[in-house]
Amino acid sequence: MKLMSGTANPDLSRSIADYLDAPLTASHIERFADGEIFVRIDENVRGEDVFILQSTSRPANDHLMELLICIDALVRASARRITAVIPYFGYARQDRKTGGRTPISAKLVANLIAKAGADRVLTVDLHAGQIQGFFDIPTDNLFATKVMEADIRRHYETDNLLIVSPDVGGVVRARALAKLLDAEIAIVDKRRPKAGVAEVMNIIGEVEGRRCILFDDMCDSGGTLVNAADALLEKGAIEVSAYVTHGVLSKDAQGRVDKSRLRELVVTDSVTEPPNSTATPKVRRLSVAPLLGEAIRRIANDESVSKLFD
């Protein structure tokens, strides 16, 4: 087994390598003056089982192209099997046609990864579970729920805890965490009565006097979580925190969270901290390196990955 890292998240790659007690394969990744990407693998990988570690996070197009070129380099270097380890799968929100003459970009990206030569994909908390079906190669979608559960038990009293989905689409995800914590759930139902009218946050569930934890797969601008926290507090919640797998945190989302009424926002290291963002103690990071490392070990040894979640 060999591990190779792209440039999207080198700290996470090193943490995964440390977990597996395996070195990162020597490689050289360079961007030419015109923006083109060049990759050279500096070790023999012929006949090897190679795991290429690369999130397709910001800048999404650069990191996606880098992943494809790394896969192509491994194919041409005669690697026996290539697994694309993509902690954060970019373009996942474009998983369906949203209108006439629009693409399904998540499917296109899945096709590109397979066509480049990847034999399988390993990722974490896809925005929509059905994206697994977009790939024509084996795909393992890991869940960070147990990572979140362990942290919540360390930092929160669970007796009066309420797990809240910030939208109707995230109910299954919220219910899974609530089951682990033996907690109840509530739902924030966002509705816009008509064009030009502000969204109304309807709360489904009893939140008065409860300590609420919003649980979602992704935080981009932070607006949804901040607004949901305000709605919960106005309905009588004692406090509101948020746990999110992928902290994309664009458009100074950290500054928005810092000024919000959220107690804290907890994200994982699937995405690197955005450059030039407003630092805030309200944003805390957990690592998914042990989760990914164990899944990689199991894949390399032809063991069950699903048993991680039994």
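Placed from the backbone N, Cα and C atoms, the Cβ positions cover glycine too.
For Lys190, the entry in Swiss-Prot reads active site, with the evidence type sequence analysis. Feature annotation from Swiss-Prot assigns ATP binding site to Asp34, Gly35, Glu36, Arg93, Gln94. Feature annotation from Swiss-Prot assigns Mg(2+) 1 binding site to His127. The Mg(2+) 2 binding site feature in Swiss-Prot is assigned to Asp167; the stated evidence is sequence analysis. Look at Swiss-Prot and you will find Arg192, Asp216, Asp220, Ser221, Gly222, Gly223, Thr224 tagged as D-ribose 5-phosphate binding site, backed by sequence analysis.
On a Cα basis, the residue listed as 'active site' lies 7 Å away from the residue listed as 'Mg(2+) 2 binding site'. DSSP gives Asp220 (D-ribose 5-phosphate binding site) a coil state; it is part of no helix or strand. Distance noted between the C-alpha atoms of Ser221 (D-ribose 5-phosphate binding site) and Glu36 (ATP binding site) is 29 Å. Looking only at other Cβ atoms within 10 Å, the busiest spot among the binding-site residues Asp34, Glu36, Asp167, Asp216, Asp220 turns out to be Asp216. Note on proximity: among Gly35, Arg93, His127, the binding-site residues of the record, the Cα nearest Asp216 (D-ribose 5-phosphate binding site) is that of His127. Cα spacing between Arg93 (ATP binding site) and His127 (Mg(2+) 1 binding site): 6 Å, rounded to the nearest whole number. For the binding-site residues listed here (Gly35, Gly222, Gly223), the lowest count of other CB atoms within 10 A around the CB belongs to Gly35.
For Thr224 (D-ribose 5-phosphate binding site), other Cβ atoms within 10 Å of its Cβ number 20.
The shortest Cα-Cα distance from Gln94 (ATP binding site) to any of the recorded positions (Lys190, Asp220, Gly222, Thr224) is found for Asp220. In this structure, the C-alpha atom of Gly222 (D-ribose 5-phosphate binding site) lies 32 angstrom from that of Glu36 (ATP binding site). The separation of Asp220 (D-ribose 5-phosphate binding site) from Gly35 (ATP binding site), Cα to Cα, is 26 Å. Between the CA atoms of Asp34 (ATP binding site) and His127 (Mg(2+) 1 binding site) there is a gap of 33 Å, rounded to the nearest whole number. Ranking the recorded positions Arg93, His127, Lys190 by C-beta neighbours within 10 Å puts His127 at the top. Separating the Cα atoms of Glu36 (ATP binding site) and Asp220 (D-ribose 5-phosphate binding site) is a whole-number distance of 27 Å. Secondary structure from DSSP puts Arg93 (ATP binding site) in coil.
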